[in-house]
Every structure is written in C-alpha cells, then in structure tokens.
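Single-structure report; data block below.
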Amino acid sequence: MAETQGKVITCKAAVVWGPKVPLVIQEICVDPPQKMEVRVKILYSSICHTDLGCWNGTNEAERAFPRILGHEAVGIVESVGEGVKDVKEGDYVIPTFNGECGECKVCKREESNLCERYHVDPMKRVMVNDGGTRFSTTINKDGGSSQSQPIYHFLNTSTFTEYTVLDSACVVKIDPNSPLKQMSLLSCGVSTGVGAAWNIANVKEGKSTAVFGLGSVGLAVAEGARARGASRIIGVDANASKFEKGKLMGVTDFINPKDLTKPVHQMIREITGGGVDYSFECTGNVDVLREAFLSTHVGWGSTVLVGIYPTPRTLPLHPMELFDGRRITGSVFGGFKPKSQLPNFAQQCMKGVVKLEPFITNELPFEKINDAFQLLRDGKSLRCILQISKLLKR
C-alpha cells in the first residue's frame, strides 16, 4: 500500500444524502491521515440498528448529510499519521465507536471506559484534530461548474466505504489469523451485549437473568450470560421468530408479551419466585425499561440499560422504587476499554468462549447495501456482512 501513502485515495463509498433516502454507491476522495490518525482499508462491514436509526433521521440533532454511516467492521491499516505507534501498515484492525486514548484520567481508571476525548458521541461528525472531514466528493452546480462537497463522519468510524480515516484511539489491532468476518461483530453489537453481562452486571454462575429485546445486542447479552454460567436466561420479545435463535445463545425461557394477560414483570416474578437477579433492557423503550426493572428481585436485583433511547422521555421510576435495594445502571460498549481489553476478548471468542457464528445471518456484496438495510428493517437479519473490499492475500 506504499504507493498510496500520503496521497488522496479515490474509492467507492455508500453515501446517505438525507433521511430515509437510499444510500448511493459513489466515488469519493479520502484524504491522508493527519497526526494521530489512521487510514484503513475496510474489508467487511455489518449493519447495526444504530446505522438504521441515523439513516431514518430518528433524532433530529444527529442529522448531518451527506454522511458515511457504518461502525462495525474489520480492515487493514493502509497508512498512519504522525505520532501513531501502536499500529502500522498491514496490521489487521477493527474500528470502535468508543475510543481509548490511554492518557486521560478516565482511561487511567478502572471504573469507566468513556475516554474524555474520544468517547462515543452520536452528534460528532468531524475529526478531532482540526474539526474537518477526511471525505469529499464532487458535485455539479448550476451552469455546469463543479465544487468539492465535504462528507461527514459517523460515530468515530464511517465504515461503509473502501477506505476510512479514524482517530488512532478508535483503532484496535487484532490477531491476523482471526476469522475476519466474525471479528467485525466486536466493533459494536457483540461486545456491547456480552460486556453488559460480564463487565457491568458481572453475572455470576447459577444466577438468573432476563433479557428484554432479542436483537443482536440482546442475544449477545444472553450469550454472555450463558458463558458465565447463568442457570436461567429468560428472553422477552414480541417477535416469536427470534426465539429459535435465542436457544442457540442459551436462552432457557421465552416470553412473548402479546401472549400475556398480565404485565411481563409479574409473569417473571411468578416463574422465578420473586424476580431475576439481573435484567437487561435492549430495546430503547422506556416502558420496557420499567418492566425490566420491576422484573428484578427486591433487595439485590440489578437492571442494565443497553438500548439506545432516542426520545426525550424521562426514566419512569419513583425514587422509593430504588429504596428496596434494586439497582439500575447504564452500559456503553459493554464497559470494554477497546484498546486494552478488546484484543483479549477477541482471543476468547476465537477459543469458543463466546459463539460468533450464529450472529451472522446474511452476507451480501457492497453494492447490495440497501437490500441489507431492508433486511434489518424487516426483522429478517441479525447481522448482514457486506464485503466492502477484496482481500488479495493473507
């Protein structure tokens, strides 16, 4: 890749030009990385509901177009900017939307993974260095003239492109012999779910759990709880078609709210003798959050917020409901510090501690990205892997 270092690269990217507008595969220019930045050739990328939410324009504050979405991927370092020491040309890496500088007070503490400078920020659309973008395209103006049009970044990553530029804090080196398609899942969904069970709730062997929402993240929570030896994993979802997949992730009981004549939390309390030890809310619905909280056992029950909440509604709890010892906490990227902890997690996945294969339900070429979005919208896909670039040799 030496022939492209320090030069602008012209490549293909899927650009979204407005809410709910089909993505356009088009030619863009990708600038060289600046200080503490890395330019990566993307090999595979998958689609997450967060991509879908931004494409939908669900949160007006997040709207910024044109934009390159995508944040779950795996790729090869093409070149690095000044000061980058931990990765080099040819390294296999995964991008992470939540970075780790290793220098700030948060990175130096065990209690949090929210780096002061590179933590996840859905409103962020430019690079930290200079407040500019590294993507652009040419648009035609009236009268036949043309001009360069900047294209915004997304979640510190932007992976629906053959080449992307990231802050080095958001690039994690992985084993070159790892299964690349599966490794892309660690950029978001699987790490977020498994980490919520391992790092945030700290699920113990023999304990009971309830997972509300059996999408990719919810199933990853279940898989994490299974790997930790949970004796009972209750899956809650209104889509009965998800239950079969849940069995592969260790779910022992299934509840479809549509089949009940009583609140879900009441049913869970009845079948568990008072409530579960841990509950996980993975839908981003505050009403479901209340059910998840009330499904935990008085005195020690713990509820973890994993879903994204786009609405301005507040937490539907009375302070006295916390008085009895139940807890509620949030989770970002499963509590994983990406650079210092994700490589070990990847090794555990390679050893089979966590099963990654069942999460990949579809594979499509890059040019079929709009079909992949439709599969997710229709609930027919957990993770659809897109081949962005060809891997010539390994």
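For all residues, glycine too, the Cβ spot is worked out from N, Cα and C.
Using a 10 Å Cβ-Cβ cutoff, T50 (Zn(2+) 1 binding site) registers 25 neighbours. According to Swiss-Prot, the Zn(2+) 1 binding site annotation covers C48, T50, H71, C188, on the basis of similarity to another entry.
Per Swiss-Prot, NAD(+) binding site is recorded for T50, 213-218, D237, K242, T283, 306-308, F333, R383. According to DSSP, S216 (NAD(+) binding site) is assigned to a helical segment. Neighbours of S216 (NAD(+) binding site), defined as other CB atoms within 10 A of its CB across all chains, total 28.
Close to H71 (Zn(2+) 1 binding site) in the fold, though at least 6 residues off in sequence, lie C48, T50, D51, P95, F97, F154, L155, N156, T157, S158, T159, S187, C188, each with a CB less than 8 Å from its CB. Under DSSP, H71 (Zn(2+) 1 binding site) is assigned to coil, being neither helix nor strand in the three-state scheme. The feature alcohol binding site is assigned by Swiss-Prot to T50, H71, with similarity to another entry given as support.
The Zn(2+) 2 binding site annotation in Swiss-Prot covers C101, C104, C107, C115, and the record cites similarity to another entry as its basis. Cβ neighbour count for C115 (Zn(2+) 2 binding site) (all protein chains, 10 Å cutoff from its Cβ): 23.
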By the DSSP assignment reduced to helix, strand and coil, which category contains R383 (NAD(+) binding site)?
strand
If one measures from the C-alpha of C101 (Zn(2+) 2 binding site) to the C-alpha of G218 (NAD(+) binding site), what distance in angstrom results, rounded to a whole number?
28
The rounded CA-CA distance in Å from C115 (Zn(2+) 2 binding site) to L214 (NAD(+) binding site) is 29
Determine, for the Zn(2+) 2 site, the additional residues of the same chain whose CB lies within 8 Å of the mean position of the CB atoms of C101, C104, C107, C115; present them in sequence order.
G99, E100, G102, E103, K105, V106, K108, E116, R117, Y118, A169
